[in-house]
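S.K.: My structure is below; once you've seen it, I'll send some questions.
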Ligand SMILES: [Zn+2]
């Protein structure tokens with residue numbers, strides 16, 4: 001049989017043409033598949049913008065299944081889960097990302113950070129702490145340390161909080177000396193009241209004073225300890241230091257200062273110091289302390305209470321009025337107790353302290369707001385004076 005080469009010559013271009021066609025079809029198919037992932041992604045985005053989170057999650061899951069190598073979609077999905085409170089699923093997404101060997105260093109850090117946030121949201125604080133510690137040396141370090149700081153504060157783990165505050169300061173993330181002093185004061189109070197270790201408490205307060213000389217609290221706390229131990233003169237001296245280094249805190253210490261001056265025999269010089277403070281800031285607490293000091297020096301209350309009138313002439317004050325009224329003879333003396341009670345009742349809310357950060361009001365002064373947990377957010381003045 002004779003083989004006809006003309007068939008081959010004719011067939012070759014056809015085979016080429018078919019091959020070319022097949023390759024075009026393949027590419028188009030690939031492109032369609034390729035486009036499906038972004039399409040699902042954009043659909044998810046659209047749902048998200050319309051606040052339809054359920055549908056957005058379905059679309060993102062579809063996109064992730066079609067394109068499992070894309071980390072961005074995993075992050076979007078993980079964040080969505082967390083925001084909806086589905087923290088278990090968020091953790092799974094981020095742990096899956098962390099397990100991937102091909103993840104870039106940036107994305108690895110980001111996933112670790114997201115995982116810490118998942119645990120925080122879930123209230124799994126031990127695991128959150130572990131995850132946050134793994135962010136040391138990353139670009140999330142400062143944020144992680146600040147979060148650790150608030151975790152330690154909330155669990156009242158003061159030595160740990162102090163350690164993180166020191167690290168933040170050393171790394172140049174701001175001045176944490178005042179905060180550190182508060183931690184040392186808190187720890188000192190714990191040592192004193194739970195373990196009865198006065199020596200260790202005093203040592204901590206001395207450290208706090210050395211680290212934050214402008215802070216009022218360590219000296220006030222130390223004065224309290226010294227007074228308790230019978231050292232009125234030492235306690236008095238600490239309050240002199242408070243007035244010198246933190247004059248704004250004098251209204252907080254004025255009343256105790258009078259009691260200590262009386263015990264230590266320092267009343268005349270105290271009256272001078274209080275007068276000086278009052279000239280700078282006419283606070284009702286200082287006015288009250290001046291009246292107390294007068295009485296302690298032997299003045300009859302009828303005369304000493306003129307201090308309240310002098311104060312009211314400067315600053316109208318219901319608190320001062322109620323104290324002056326207590327010793328005023330009435331034409332209708334039978335009504336005195338009733339009128340007195342009404343005025344005191346009206347003055348009581350004005351004698352509170354108010355947090356400047358959140359508006360929380362308290363009868364006593366707090367160094368940390370029980371409402372918003374801010375430090376020294378209470379001005380040392382009564383609401384009436386704000
Ligand atoms: Zn507050």
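Note that Cβ sites are derived from N, Cα and C of the backbone, with glycine treated the same way.
Heads up, TrEMBL stuff is auto-annotated, nobody curated it.
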S.K.: Of 6-23, 24-41, which span is tagged transmembrane segment by TrEMBL?
M.R.: 6-23
S.K.: Per 10 Å Cβ neighbour count, which of the binding-site residues 355, 358 ranks highest?
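M.R.: Ranked by Cβ atoms within 10 Å, first place goes to 355.
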S.K.: In the same chain, who gets a Cβ under 8 Å from the domain 'LapB rubredoxin metal binding' (353-379) while lying at least 6 residues past its ends?
M.R.: 150, 153-154, 178-179, 182, 185, 217, 252, 386
S.K.: Specify the count of other C-beta atoms within 10 Å of the C-beta of residue 369 (Fe cation binding site).
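M.R.: Taking every protein chain into account, the count is 21.
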S.K.: Using the CB centroid of 355, 358, 369, 372 as the Fe cation site centre, which other residues of the same chain sit with their CB within 8 A?
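M.R.: Going along the sequence, the neighbours appear as 356, 357, 359, 360, 370, 371, 373, 374, 377.
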S.K.: Applying a 10 Å Cβ distance cut-off over all chains shown, what neighbour count does residue 372 (Fe cation binding site) have?
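M.R.: Step by step: centre on the Cβ of residue 372 (Fe cation binding site), count other Cβ atoms within 10 Å, giving 12.
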